[in-house]
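Take a look at the structure set out below.
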Amino acid sequence: MSFPRTNKIRLAEHTPVTHDDRYTNFHHETYRPTDHFGVAVRQGSSQQGSGSQRPLVSRGRMLAETDEERQQLLPGDVRRTEVPGIEIPDVVHTGWLGRFFPFGFCYEFKKLVQLALPITITSLIAFLSGPISIIFCGRLGKAALATVGLAVSLFNVTGFAVITGLLTAADTLFSQTFGSQDKWRMGVQLQRAFVIVSICCFPCAALHLLAEPILRLLKQDPVVAKAAADYLLYMVPGLWFAAYAQIFTKYIQTQNRVLPPLFMGIATNALNALLHYVLLFVVKTGVKGSAISQVAAYAFQCVVLISYILTIERRGVTWNGWTSKLWLDWGTWFKLAMPGVFMTTLEWSIFEMGSIVAGTIGEKELATQAILFNVESMCFTLLPLGFGVAVSIRLGHFLGAGSSVGPRSVLSVALVTVWVISMLFVLTIVLLRWQIPKIFTTDNDVIQLAASLLPLVAAFQIFDGSVGVCSGAIRGAGLQFIGAAVCFVTLYVIGGPIGLCLVFLTGMKLNGLWAGLTVGTILEGLVYFTICQCINWDTQVILARERTKVVDPVVEDAENEAEVGFQNAGYISDQTSSHFLSTGDDEESISSPQICRRPAATPAAIFVDRPTKFRKVMASRVGLIVSVVAIFIVAACLRALTPWSKSFGSFCLLPNGTYVSISRGLSKPHNCTMFLTEALY
């Protein structure tokens, strides 16, 4: 059956409503049901004839003309409406299956894979910078492998994870803004993200400058702690480059341009591997050459991403140039970003802290933990993380466009897909458990220990897949606070303590650590899945409108912003119908006991002194910038002027790889393989 005029039919997205109920969609068109198929026809000033509806035109778009044309559509047919930048099916499947796959599994699977596959490969390539360093440095010996593994873990948990958490706000705002009618605001969001993330990098870099005392306080091997601190010193500029690369990648991917970041990521990793080979094995710089290689690769990635953005933004669809608006509305950004930071860092930290725990056991365990963590992270990046980003983008597009049905389709299809593919991951890890460790090291003891623990890594892959997809849905909906709470309870209240008890109280060592992580991840996946099934997507549509609305450029006061939001979108009471979408300005007002509008306030009542208010905003921003830069300067001075060895004393490195502290005035034991004194520092 063919339908030559697909743009003339609009179908109700939700359950049938009464004859008198009227709604508006994101095109500001009002509808009522007209037949038992649920076909909704726009209400207007036209008069109905016998069995026909006169054509109505709104903003250049014609709707249903005749009853015969409307009745051509049968339940289950999918009609598509082209919204700028996004396609939304108008007819949804009903019944029990339609609750989870309202657009049909195949339709959403095709759309999701087209977006997720390039993003998955891009995420994997971005993740590979760490494993590339570990693989190359692992050829230098067990000590180099332990050093780089510890340094990369600390860089991730105190730097990269924080940046990724901050940019969960971009996951929400970029996608919802692009799905709305005001796509030019994406440029404002990009500028705001660039400035805020740049500021937040300073405290993270300060921690990296103080890595040595932090690691020493955590009872790490003094030699490894010193070498890891030196590694992180060279990585300081790379934090900013890595952050900018993430911002630009998200900005491009949200516009459904997923292939350019993929090709740029491939080129970046190729350069990273080449520099590792040259600096480590030709120039022989040692492990610091690995840090220099990563910084150079991140810088290269930023340059090519910026070049691409400058090329595509000549059309000005999402960019209207630099604006002072970037300094405003930080409250909305941080309300999403700060829970996102906790959500991301909590989840990353529980795994990264495994390196700290392993470091207290021994060098062999630390090297093994580096292998296990990178294998697990690669599996997560290869499937759940990429699909999670794709889910976040598509779900945000639907919410920004005003569709509450689309998110259900995206979430259900993504979960089924990830569960099926995760089974293949489980089989691969178990069958290749003896071959995988050989990629990272040639040490037989490390290979044997890693092979015995890889089945535990495989055990929770399915639940880890649920975590990746559901956390993407949480980010796309702007519910980062809920995600942070779930991570804290499942991993830090339950899983983490179980792992630590098994490590230190039962003698299970790394086996106990990964057993605890497995329990926590399984619980996290189950809780995430339950929460996502209970989300009211109609409410999220309304919240998305609030986040992407256009406000006065000098609005900063939270109460004023809330007032403007109520006036623009209409006050929604607790009894508001879950199907309600507010009317546009050019449509007639709709009277309903469930909807009331507050009287509009005059501009003078809202904005008393705009120049003064803007100056106060800028003063607070400058104060924040000065504060974080001061923190960085203090950390740099402490690193340069403080002899940390005087605070921690001297150590004797024993033949079994452990070490003991030696008090001043005592002679060193005869079985020392290395005597660590202030001279080494």
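A Cβ is built for glycine as well, from the same backbone N, Cα and C atoms used for every other residue.
Going by TrEMBL, these are the annotated features:
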- 115-137: transmembrane segment (TRANSMEM)
- 144-170: transmembrane segment (TRANSMEM)
- 190-210: transmembrane segment (TRANSMEM)
- 231-249: transmembrane segment (TRANSMEM)
- 261-283: transmembrane segment (TRANSMEM)
- 295-312: transmembrane segment (TRANSMEM)
- 371-393: transmembrane segment (TRANSMEM)
- 413-434: transmembrane segment (TRANSMEM)
- 483-505: transmembrane segment (TRANSMEM)
- 622-641: transmembrane segment (TRANSMEM)
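When Cβ distances are compared across the two stretches, the transmembrane segment (622-641) makes contact with the transmembrane segment (190-210), since 3 or more pairs at least 6 residues apart fall below 8 angstroms. Long-range contacts of the transmembrane segment (295-312) within its own chain (CB-CB distance under 8 A, at least 6 residues past either end) are made by residues 129, 234-235, 237-238, 241-242, 244-245, 248-249, 251-252, 255, 257, 260-261, 264-265, 267-269, 271-272, 275. Across 144-170, 231-249, 413-434, the stretch most heavily in contact with the transmembrane segment (371-393), judged by Cβ pairs under 8 Å, is 413-434. Sequence-distant contacts of the transmembrane segment (231-249), counting only residues of its own chain at least 6 positions beyond either end whose CB sits under 8 Å from a CB of the stretch, comprise 122, 126, 147-148, 151, 154-155, 159-160, 163-164, 167, 170, 190, 193-194, 197-198, 201, 204-205, 208-209, 211, 261, 287-288, 290-292, 294-295, 298-299, 301-302, 305-306, 309, 639.
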